[in-house]
Structures are given as C-alpha cells and as structure tokens.
C-alpha cells in the first residue's frame, strides 16, 4: 500500500495572527510525501526528509498517525518527504508537508479523498506539534487548492477564492535574518491589519500584500525598505511572507531580473510563479 502526493507552498497576502482573518496564494514550489503502509498491527511510524535528513520528522509522522487513527487502522508506516520549499522561510512549508502527508496516507489506504478531512487532519497535526498559532487555515487552503484564498482562520471558513488575473512572477527573498514570532507585538497592529484585509476582500491583493508586509515587518523588526526597494526595481507589490524572514515580490516577466537584482543583495532568491494547481495524488 503506497501513495505519493504533493502540496504547494504559499505566499502571504494577509497574515492572520493579528486579526484571525488571513489570505495567502499558492506558489509553484512543492513538497512531495511518499507513504508506504504495512499491515502488521504494530503502528510503528518512521519518517525522513530526503533533502534534510537531520530535520525532525515529527510533523509528518503525526499526520500519518492521525490519519490511521481516524480510519481506525493499526498499520505501520514509512513516510519520506522531499521538495523545493525552504524550511522555516515563511512559505508555508509546514502546511505543504502536512497536506501532502495526510493526502498520501489517505491515498495509500485507498480511502476517498475529502478536502475538509485532509485540511482538518493536517491542521490538527500542526497544532499538536505546536507549529501554528492560528491554525494557518489560509496557508493550508492556498497550499491545498492553489490560487488565492481569503479565510476566517478562527472558524476555518474560506470567505473567498480567486486567482491573479495577470501573468506574473514571484521573486522570493530568503535573507539570513533571525526569525522573530512576537505574538503580543503582532496583536498591537490589529486595527491597521484590518484595513489591509478590507483591501483584500475588495480584490485589491497587491495593496493588501504591501500594507500587510509593512505592518508586520515593523512589528517584527524586519526591514521595511526591502519592499520599497522591490517597488523601485519594478515590482507590482512586495512584502514580508508569514512571520518572515522571507519576502515575496510580484512582478511582470520583463521586470523579474531587475527585481531579483534589487533583492539578492539581502540574501538568496528564488524565482517562481503563482500556482492554481493545488495538492494532488501523483500515484
């Protein structure tokens, strides 16, 4: 009983920590999970990251366990993950890994895939591993469905689905900044993030992303000039992704080199694009 599945990374439009309402968009970076089940009544689960063998596999192991518990089976399992989403970069690597792990395990069992169940078990696993503050329903849904999702994270409801109407590129900056998750400081900007969220609900995703990035980078002591540098180089919008340290900049194809050159002085960059091709079983 084997199955492989993939799920997307995502970039932030609105970080939900301040208000409980958030938005994210799928990007063409993925994590793949390969699951093999053994019917031996032992329920021994072993995981490994192919790209980073020293990375603790506790999240994906928890995902497999929660799926097996849900379907009341006591199989053992091996799970391996691989992909091109940097860990702890603000690009929803945890959401992508948990979605892919849950989906691959359900596929290996031969059970019918139900999107709500996949998301619930993936988020449950992330909570249990203390990898999320809000449940990251916006990140999880953008990773799973692709495109843009606008969500009430507290109630796990998608308020709106959309996609970028233009053919744009995504420049991801991954600077060597110390990650800072100060929830109290993020709560202080709640009233101002609500203004950015209103822009998001109106469909003005570029302004929402930029405003959100300025607010959260200020709260978390990341440089806000990076986003302005990206605009100066031709980006449509730019901002902090998640709680950082990554930034995302959106631009037209003809501007991607200028934008990348403006950003790469701060750290490594990756050029990708928005994706509407969400999570799926490969085989």
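For all residues, glycine too, the Cβ spot is worked out from N, Cα and C.
As given in Swiss-Prot:
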- 86, 87, 88, 89, 90, 91, 92, 93, 94, 95, 96: ATP binding site (BINDING)
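Look at the Cβ of each of the binding-site residues 86, 90 and count the other Cβ atoms within 10 Å; the largest number goes with 90. Taking all protein chains in view, 32 other C-beta atoms sit within 10 angstroms of the C-beta of residue 96 (ATP binding site). In the three-state DSSP assignment, the secondary structure recorded for residue 96 (ATP binding site) is helix. Considering other CB atoms within 10 Å as the measure, the emptiest surroundings among the binding-site residues 92, 94 are those of 94.
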